[in-house]
Amino acid sequence: MSTRIPFLKGHGTENDFVIIPDPENDLDLPRETVAALCDRRAGIGGDGLLHVVRSAAHPEAAHLAAEAEWFMDYRNGDGSIAEMCGNGVRVFARYLQHAGHVTEGDLAVATRGGVKTVHIDKAGDVTVGMGRARLPEGDVTVSVGEHSWPARNVNMGNPHAVAFVDDLAHAGDLYSPPPFSPAAAYPDGVNVEFVVDRGPRHVAMRVHERGSGETRSCGTGACAVAVATARRDGTDPAITGTPVTYTVDVPGGTLVITERADGQIEMTGPAVIVAEGEIDGDWLENVVR
Ligand SMILES: N[C@@H](CCC[C@H](N)C(=O)O)C(=O)O
């Protein structure tokens, strides 16, 4: 009889995740194993994986254990490691509630991008305090086929290039990462957002995620888009002294992003657990041999 390893599946605006509860960090999850679990045909399927570990039990988070009991060890669908995942941390909080580890209200979650405060509200939405954006100087260009656009470099803990386009269809099929220049702008790769206007303080985006491909939503990407749009629109709260809220439509739903005068950014949207089950331990052990 092989070992059974518990997993869940969840999503936030259809950015979907395999969730692996592993409080004491007992599991070995190398890159190839994560990619196999996220494979949509031969595995469970997901844009990424949320490895749920107690901070005290993880070498990357032990120093944060006094601030946050739980560490989101986030991996992209190809198994690569990313600093932060905005939808992931909201789904992570929903999982902790689902499992009875926390109740509604505020909780702190450790991530590679620092400790994030998450609020689970009664109505069902989950809000995360994303911290401040960094806006590295320098011109960036992204291109797809015959189209190319200037892009804004926005760092939300992870790197983003935000391009305003006339038509989201111009981003093409996004089967491969959109080329960007200069290469030095993003030495570790980049998430690329394509944005169109929908109305006052309302935009829509598509995204190609580093390590996952085109996804139906990206939380850090939606925040980067809100930040870039505020600078374009002259509503930058650091200059106006007034908070600004943008509604960001993604293919999988809608996220609401507020940037305050002190630069702190909050993102709100749904976070859903859709299934739970068990992984066959023999499969997991042999899948990458
Ligand atoms: N989908 C995530 C972002 C996940 C990480 C990203 N692909 C990267 O490599 O930086 C989100 O909701 O923020």
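One is the number of the first residue shown, and numbering goes on along the chain from there.
Just so it is clear, glycine is given a Cβ too, placed from its N, Cα and C backbone atoms.
Curation does not apply to TrEMBL; its annotations are automatic.
The active site annotation in TrEMBL covers C85. Neighbours of C85 (active site), defined as other CB atoms within 10 A of its CB across all chains, total 32. Under the three-state DSSP scheme, C85 (active site) falls in the coil class.
According to TrEMBL, the feature active site, proton donor maps to C85.
According to TrEMBL, the feature active site, proton acceptor maps to C218. In this structure, C218 (active site, proton acceptor) belongs to neither helix nor strand by DSSP; it is coil. Residue density at C218 (active site, proton acceptor): 36 other Cβ atoms are found within 10 A of its Cβ, drawing on all protein chains shown.
Look at TrEMBL and you will find N15, N76, G86, N87, N158, N191, E209, R210, G219, T220 tagged as substrate binding site. DSSP gives N15 (substrate binding site) a strand state. N15 (substrate binding site) is surrounded by 33 other CB atoms, counting those within 10 A of its CB over all protein chains shown.
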If I restrict to non-local contacts, at least six residues apart, and a C-beta distance under 8 angstroms, what lies near G219 (substrate binding site) in its own chain? G12, T13, N15, C85, G86, N87, G88, V89, R90, V128, M130, L255, M267, G269
Non-site residues, in chain order, whose CB comes within 8 A of the mean position of the CB atoms of N15, N76, G86, N87, N158, N191, E209, R210, G219, T220 at substrate: G48, A82, M84, C85, G88, V207, S212, T215, C218, G221
